[in-house]
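First the structure, in the form of structure tokens, and then the observations on it.
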Amino acid sequence: MKTSSLKYWFAPLVSGLLLIVLSLFTLAFPLSSFISLSILFSASLFVAGIVQSIFAIEFKHSGIKWFWEFLSGLVVMFIGAYLIMNQAESMLVLATYTGLFFLFKGVDYLTRALTRKEHLGNARNVILLFGVVEIMIGVYLTMNLLVSEIFTVYLLAFALMNTGVLELYLAYRVKWMMKAHHGKLS
């Protein structure tokens, strides 16, 4: 790391503090946070659909089956637009998506553990256990959407807190490196 970049140690400090405050806000106002998250989810789908469609048009003459990519982008864009206009459905889809994410991730872990026995060794049992637990969480969240909504908010708060703490740690380490270089910045 160049010493000239060390003088910006405060950037991860500010970022970390903001993320921790946002995490606490998420925990203090879970309903508002979930509504905001569902709006962001819907808008992300809308933008992703537009980008995917543009990408398909750009590669129209490359021999790739661009039409299906274009059509898929339009479908995602229209789903995003529909969810933006229908907030209740957006929250329902986000809660379902959270459950399905864990379900499919669990199936992915199980598949890896069962198909790569010789490469995983003793880790295979741990991966199997995590796969089964993720499947159970996914099924539970998919069948209990209210719990899934709450779980999604707490998962977001945890991710924000985790990232904020990491940013504070990075700020501390950069500040420490700065002192180790005797404060000499070039």
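Any Cβ shown, glycine's included, is placed from N, Cα and C.
These come from TrEMBL:
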type	residues	note
TRANSMEM	9-29	transmembrane segment
TRANSMEM	35-59	transmembrane segment
TRANSMEM	66-85	transmembrane segment
TRANSMEM	91-114	transmembrane segment
TRANSMEM	126-147	transmembrane segment
TRANSMEM	153-172	transmembrane segment
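Beyond the transmembrane segment (9-29), the same-chain residues lying 6 or more positions past its ends with a Cβ under 8 Å from any Cβ of the stretch are 153-154, 156-158, 160-161, 163-171, 174-175, 178. Long-range neighbours of the transmembrane segment (126-147) within the same chain, counting only residues 6 or more positions beyond its ends whose Cβ lies under 8 Å from a Cβ of the stretch, are 92, 95-96, 98-110, 112-114, 120. When Cβ-Cβ distances below 8 Å are used as the criterion, the transmembrane segment (91-114) is approached by residues 34-35, 37-38, 41, 83, 120, 124-125, 127-128, 130-143, 145-146, 148-149, 151-152, 155 of the same chain, each at least six residues removed from its ends.
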